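Worksheet for the structure shown next.
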Amino acid sequence: MVKGSRGGRAPQELWLGLVILGMVVVLTALRPNFLGVQNILEMMNATAFNGILVSGLLVVLIAGGIDISFAAVASVAQYAALTVANATGAGWGEIVAIAGGIGLGLGLVNGVLVSTLGIASIIVTIATQSVIYGILLTVTRGQDIFTLPAWFGDPVDLFVTSDAKGNVYAVSLQIWALVLAFLAAWFLLNRTRFGRQVFALGGNPEAARRVGFGTARLNLLVYGYMGLVAGLASLVQAQYTQSVSPTALVGRELEVVAAAVLGGASLEGGHGSVLGAILGLALVVIMKNGLALLGVSSYWSDFFTGLVIVAAVAGMAARARRRWHDSPGLA
Amino acid sequence: MPAFLLRHVGRTNLRLLALLALLCLAAAPLIGDRLFAPAGLRSMAYQLPELGLLSLAMMVALLSGGLDLSIIATANLAALAAAAVLKSAPAGADGLVLLAVEAGALLAGLATAALVGLLNGTLIGYLRVSPILATLGTMTLVKGLAIGLTHGSVISEFPPAILFLGSGAVLGVPMPLLLLGLVATALGVLLTRTPFGVVLTLMGSNQQAVRFSGIDTRAALLRVYVLASLVAATAGFVMMARFNSANAAYGESYLLVTILACVLGGISPSGGFGRVGGLVLALVVLQLISTACVLLDFSQFLTLAVWGGILLSVGMIAAVRDQLRPLLAGLRAPVLRPAPPRA
């Protein structure tokens with residue numbers, strides 16, 4: 001099947017960029033502090049967890065799959081890592097290894113199941129999400145970890161500076177982890193053989209198989225990477241909120257999926273870019289932040305997010321809609 | 001397996017029946033009579049319909065080759081619309097006036113749900129947005145609307161006739177179960193005995209072929225999503241009546257479970273295949289596990305893990321069988337000789 005040929009039309013990234021630019025201009029005109037360093041850093045801090053997950057999910061989407069279980073994986077990873085830290089006095093190195101290891105392991109399980117069961121990846125990962133989350137809640141009885149190690153509360157900042165008024169600006173763990181995550185995704189997708197194979201797998205799995213790619217191995221790597229990213233993101237989130245609750249993360253999966261697809265990643269696989277994913281994420285974050293700055297009640301935040309998603313997907317589809325009339329074969 | 005059974009009950013349903021029998025056998029020595037004591041059955045009969053009606057709504061979308069992630073948001077918005085109408089009744093209204101308000105409330109709920117369905121159907125049918133994306137957006141939009149309008153609060157205290165939908169019984173049959181039965185039967189008839197039902201299922205197999213047969217698949221998809229929303233609204237009414245309150249966020253954890261129930265019930269996740277009967281059996285299996293977990297004093301959360309585990313096991317058994325099939329076929333080969341030509 002021919003994928004959305006956009007001959008002559010602007011790519012998703014340009015279109016999204018223009019919308020974001022428009023929002024930024026309007027918001028800056030209404031609230032000059034919108035473009036302040038403090039506000040921008042705060043937006044990045046707040047979106048770091050979702051953003052890091054988007055960078056992982058992008059790889060899965062391009063490979064033609066989807067993962068719903070990452071929030072459950074992240075919950076297990078952070079709970080286990082900080083429980084161990086509390087019990088043994090382990091430090092950063094150990095908890096990163098534990099959370100990353102658990103994430104990688106559970107991701108590999110997803111990869112094995114997706115490539116062997118012959119069931120759609122959305123169904124497989126809904127099932128693994130249920131199993132992982134169910135077991136986590138049973139073991140923990142749904143209880144939060146109330147005290148975290150003291151060192152975990154210390155900031156992990158780079159480039160700490162302060163201005164004349166004494167306001168401190170710092171690139172926090174959340175922000176450099178977010179930047180690192182997108183750099184890693186960009187490098188993997190655009191500069192490695194693995195990345196080219198991921199695009200090929202998502203574009204046409206049968207062709208990829210016949211060319212001789214180990215598709216099962218590729219799936220393992222893709223879902224393993226997603227799991228690893230989810231495990232590491234869980235620590236970034238725990239450090240930001242300074243709390244670990246087994247129920248706090250699950251239920252946010254679809255927000256992450258929405259941000260990734262707003263950026264133009266196709267659910268059919270084979271399409272997507274890191275720039276698009278960043279812009280999709282930025283669109284949602286800027287809108288939420290803007291509404292808050294404008295004094296709109298936070299009760300309406302979901303409504304406007306939904307409005308943006310519906311408008312964006314309708315807009316994307318409208319640009320591709322001529323297919324219905326031009327080429328009936330692509331119903 | 002006898003061809004008669006295969007034809008009339010279906011392979012998936014036979015497997016589900018076997019799974020059900022197995023569960024009952026396994027549960028009997030562990031739990032004893034309590035599982036099937038009147039109290040146990042009654043509690044099951046009141047719990048099953050919420051997930052059941054929501055799963056039926058999901059099934060409609062899945063069969064057509066799509067997915068509807070907005071069903072629970074729609075159910076809650078419909079319940080809130082109905083609740084708002086009920087609350088607007090003049091104080092001390094009774095008799096015909098109250099009846100009119102109650103009927104109006106349910107109609108308002110259904111109309112609200114139909115509007116969401118129209119939006120979904122327009123996005124998916126006419127604008128060709130992928131169903132996951134479209135309903136992901138409307139889910140957030142509809143839930144956001146409900147939260148915005150109610151500020152996340154609960155509307156409660158409804159008249160007895162509405163509460164009857166959630167806790168009443170007719171001839172000993174709990175009202176929610178009766179509603180589930182009615183909706184399931186109606187959907188079963190609609191899907192198998194009407195032109196629309198056939199078109200809906202065929203679209204799940206091959207939308208292009210349906211379109212090339214001269215059927216307006218855009219209009220058909222519009223109706224599919226309106227139907228899914230209307231079924232979701234009935235689930236909203238049952239939840240509202242059972243809790244004696246309506247809220248923007250009831251039953252959210254059911255969303256992914258409805259997909260799980262459908263797939264376990266033999267509804268193909270890519271559309272086109274599946275029967276209402278299979279889904280109902282799957283729901284009974286899930287409810288039985290849930291009740292057994294409660295009676296055995298297991299964590300309620302373990303139920304979720306067991307549900308996911310069952311789906312994965314069913315998938316694994318199928319995968320292993322597919323691997324073994326050539327081997328088994330080799331063993332059977334001598335028996336399957338072609339019949340001698342007739343004279």
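Glycine is no exception: its Cβ is also placed from the backbone N, Cα and C atoms.
Over in TrEMBL, the protein carries these features:
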type: TRANSMEM; residues: A:14-30; note: transmembrane segment
type: TRANSMEM; residues: A:51-77; note: transmembrane segment
type: TRANSMEM; residues: A:89-109; note: transmembrane segment
type: TRANSMEM; residues: A:116-136; note: transmembrane segment
type: TRANSMEM; residues: A:168-189; note: transmembrane segment
type: TRANSMEM; residues: A:218-237; note: transmembrane segment
type: TRANSMEM; residues: A:274-293; note: transmembrane segment
type: TRANSMEM; residues: A:299-318; note: transmembrane segment
May I ask whether the transmembrane segment (A:14-30) has at least three C-beta pairs under 8 Å with the transmembrane segment (A:274-293), counting pairs 6 or more apart in sequence? yes
Contact yes or no, the transmembrane segment (A:51-77) and the transmembrane segment (A:299-318), 3+ Cβ pairs under 8 Å, gap 6+: no
Answer key: the stretch among A:89-109, A:116-136, A:168-189, A:218-237, A:299-318 with most Cβ pairs under 8 A to the transmembrane segment (A:14-30) is A:299-318
Spatial neighbours of the transmembrane segment (A:89-109) not adjacent in sequence (6+ beyond its ends, CB under 8 Å) are 69, 73-74, 76-78, 80-82, 128, 132, 149, 151, 156, 220, 223-232, 234-235
With Cβ-Cβ distances below 8 Å as the criterion, list the same-chain residues six or more beyond the ends of the transmembrane segment (A:116-136) that contact it, or say none. 60, 65-69, 71-73, 75-76, 79, 106, 109-110, 216, 246, 250, 253
Intrachain neighbours beyond the transmembrane segment (A:299-318), with Cβ under 8 angstroms and 6 or more residues off its ends: 12, 15-16, 19, 258, 261-262, 264, 283-284, 287-288, 291-292
